[in-house]
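Enquirer: My questions will all concern the structure given below.
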Amino acid sequence: METHEETDGSSPEVLDVEQTGHCPHEHGKDDLTIKDVFRKHPAIIWWCLYWSLAGVSYGIDNQATGSILSVRSFRRDFGYYFDGDPVLPAKWQAAFNTSSFIGQFFGGLLCSYLTDRLGRTLALGISIGIATSGIIGQLLSTANAAFLASKLTLGFGLGFYLTLLPLAMSEYTPVVFRPIATASVQFSISVGQLLANVAIKAFGELESHWAYRGPFAVQLPFCLFLVAGLPFSPETPCYLVRRGKRDQAKASLARLYGKGSRDDIETKVCALENTLAEEGNKDASLSSIMLCFRGTNRIRTMISTFVFLGLHCTGTICIVGYSTYFFQLAGLPTRRTFDLGVCVTAVALFGVCCNWVVINRLGRRKIYVSGIFCLTALLFTIGIIDVIPSGAGKTVEAASTVAFAFIYTFTVGSCAFAILGEVSSVSLRAPTVALATGMQAFCGITFNLIIPYMMNPDQGNLKGKVGFIFGVSALCAGVWSFFFVPDLEGRSFNDIDRMFVARVPPRKMAVIEVIESCLVAQKLVVEADWAFPPPELRESFETSRLQRRLKSGGRATGS
C-alpha cells in the first residue's frame, strides 16, 4: 500500500501499489557507496563539476560586488571625495549591490518556467548568453547608469544559474551522493569568491580602470567553458520522465551510470515514474508556483525558502561579502585587507570541503542548527570587541571574521543547498528552487540596501557593531531551524514524499522508518496538529500490518 495526498490539502487517499500498475521498485534506493560513485560512475562526477562552473561565476560576481568597494580606483571613477578619500555614495552603492539581486529574483522565476518546458540544458544555454552580455557590459561601462544596467542584466543570468545548479545536481545524482553534490553548490560559489578576492588583490592597487575591471573579467573563461560543454551535457532523467520521453531518459541514465544492466536502468526509470505518479503533479501546469503553496507542499516550500532566509540572517553578506571593505573600515592597512580578504574566502572554501566529510555522518539538521547558533555567538563577539577598546581588538575582530567564514560554509552555507535538494518534491522542484532563489534575492536586496547606510563612514559607520544587529536575527533563525529543519539522510524521494504526506514533524524525520507504505515510529510520540499517523491512515496501516503478518505465517513484520 502507499499513500497519496491531493495538492489541494484534501484527506490522503490510500492506494494499493499492486493495483496501480507501477513497477515494484517502489523506493528507487541505490545500494551504491560514495566510493562506488567515484569508481564506477565517473560521468556523474564530471557533469556535476561541469554544472558547478555556473556556481563559480555566481561566486565571483557575488564577492566582487561587495569587495570592489575596497578598490580606490572604483570609488574614484564612480564616486566622490570625502575627507580626502574617494567614497561611493550610499545610494549608488545600494543600487549597484541590489540590482544584481533584483535581476536574480526575476531570473529565477523565469527560469522555473523555462526549465520545465525547454529542459535544464537549454535553460543553461539561455542563462550563459544573458550572463555573458552582463559581464561584457560591466567591462565597458564608464558611467554609473551603464554599470547599473549591466549589473541588472548579469543578475538576471545569475538567477538562472542559482536555480539550475541545485536542480540539476539533485536530479543527476544517486541518494548517497546527493548531499555532497548539492552541498558542492556552496563549494563552487566559494571557489568563485576566492578567485574574486585573488583578482582584487592582483589588480586592486592599479590606478587604471583594470583595477576593478580585472576581477569582473575573470568570469568570462567560465562562460566559455560552459558554452563548450553545453552540446554534450545530458538532460536530467527526471525532466525526461516528466515529459514522457522514457527512451531518452534511459539513454541519459546510461550516459550517467554507464551502459550497465538494462534492468538497473529500468529500475531507476520505474522509480522516477512511481514517485511522480504518487505526487500527482506530473501534468499540473508543470511549473506552477501556486502548487507549491497547496496541501503538504506548503511546509516543503517553507523549509526550502526559510533555510536560505536563515543563512542570510547571520549577516553573511556583510561579514563575508564586504570582508575586505569591512577590514578597511576597521582601520587595517589596505594591502593587509586584500590579504585578509583572500584568507577569508580560502578558509570558507576549506569549510565546504570539511562539510563533505561529515554531512552523511552527522546529518544536515545537526550541522545546520548548531552552525547557526555558533555564528550567533561569533556575531555577538564581533560586536562586543568593537565596543570595548583594546589594542588587539582589530586583530581579534579579523580573526573572528575568518572563523565566521569557515563556520558559515562548513554548516549553514553548504547544508542549505543539500536541504533544498531533498525537501522539494520531484514534480515541483523547479518552482520550489526558483522560490528559494527568490528568497535569496529578496534577502540580498534588503541587506544590500541597509548595509551601506550601516557601514559607510559618511552614514552610520557602525563597523563591528553590526554584529549585534545580525546576532539577534541569527538567534531568531536558530530557533526556527530547531523546529523545522529536517534530516533526510539516505532517504529516497519516495520516502520523503510519504513522510510529508503523513505529516511527520520535520525535526522528527530522522527517527522515522518507512517500511512499504507504513511509517514506524521509533521511540517517538507525536502530538498536536502533526498527529501521527493521520486518522485517515491508521486503519490502512493496521490492515497492512495484518496482511504482512498473515503472509509471513503469523510473524509480525515491518515493526
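Using N, Cα and C of the backbone, Cβ positions are placed for all residues, glycine too.
Where the annotation comes from TrEMBL, it is an automatic prediction and has not been curated.
Note that the structure is predicted; figures quoted are calculated from it, not measured.
From TrEMBL, for reference:
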REGION    1-20  region 'Disordered'
TRANSMEM  43-60  transmembrane segment
DOMAIN    47-489  domain 'Major facilitator superfamily (MFS) profile'
TRANSMEM  94-115  transmembrane segment
TRANSMEM  122-140  transmembrane segment
TRANSMEM  146-168  transmembrane segment
TRANSMEM  175-196  transmembrane segment
TRANSMEM  216-233  transmembrane segment
TRANSMEM  303-325  transmembrane segment
TRANSMEM  337-358  transmembrane segment
TRANSMEM  367-388  transmembrane segment
TRANSMEM  400-421  transmembrane segment
TRANSMEM  433-454  transmembrane segment
TRANSMEM  466-485  transmembrane segment
Enquirer: Averaged across the domain 'Major facilitator superfamily (MFS) profile' (47-489), what pLDDT does the model get? Just tell me the whole number, please.
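Expert: Average per-residue pLDDT within the domain 'Major facilitator superfamily (MFS) profile' (47-489): 86.
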Enquirer: Using a Cβ-Cβ cut-off of under 8 Å, list the residues of the same chain that are 6+ residues beyond the ends of the transmembrane segment (175-196) and lie near it.
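Expert: Apart from its flanks, the transmembrane segment (175-196) reaches 29-30, 32-34, 37, 44, 48, 52-64, 67, 165-166, 169, 215, 218, 320, 342, 345-346, 348-349, 351-353, 355-356, 359-360, 364, 409, 413-418, 420-422, 489-492.
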Enquirer: Below 8 Å between Cβ atoms, which of the listed ranges 146-168, 337-358, 400-421, 433-454 makes the most pairs with the transmembrane segment (367-388)?
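Expert: Checked against 146-168, 337-358, 400-421, 433-454; highest Cβ contact count belongs to 400-421.
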Enquirer: Take the C-beta pairs under 8 A between the transmembrane segment (433-454) and each of 94-115, 146-168, 303-325, 337-358, 400-421. Which stretch has the highest count?
Expert: 94-115
Enquirer: Please report, as numbers and ranges, the same-chain residues at least 6 past the borders of the transmembrane segment (216-233) whose CB is under 8 Å from any CB of it.
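Expert: Same-chain contacts beyond the ends: 47, 50-51, 53-54, 56-57, 60-61, 64, 121, 124-125, 128, 131-132, 135-136, 138-139, 195-196, 199.
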Enquirer: What else in the chain is close to the transmembrane segment (303-325), if you only count residues 6 or more beyond its ends and a Cβ gap under 8 Å?
Expert: 62-63, 65-67, 69-70, 193, 197, 200, 337-338, 340-341, 344-345, 348, 368, 372, 375-376, 379, 382, 401, 404-405, 408, 412-413, 415-416, 419-420, 423-424, 432-433, 435-436, 438-440, 443-444, 447-448, 451, 454-455, 466-467, 469-470, 473-474, 476-478, 480-481, 484-486, 506
Enquirer: I need to check the long-range neighbours of the transmembrane segment (400-421): which residues 6 or more away from its ends have a CB within less than 8 Å of a CB in the stretch?
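Expert: Tertiary neighbours of the transmembrane segment (400-421) are 166, 169-170, 178-179, 181-183, 185-187, 190, 303-304, 307-308, 310-311, 314, 316, 319-320, 323, 326-327, 340, 343-345, 347-352, 354-355, 359, 364, 367-368, 370-372, 374-375, 378-379, 381-382, 385, 432-433, 436, 485-486, 488.
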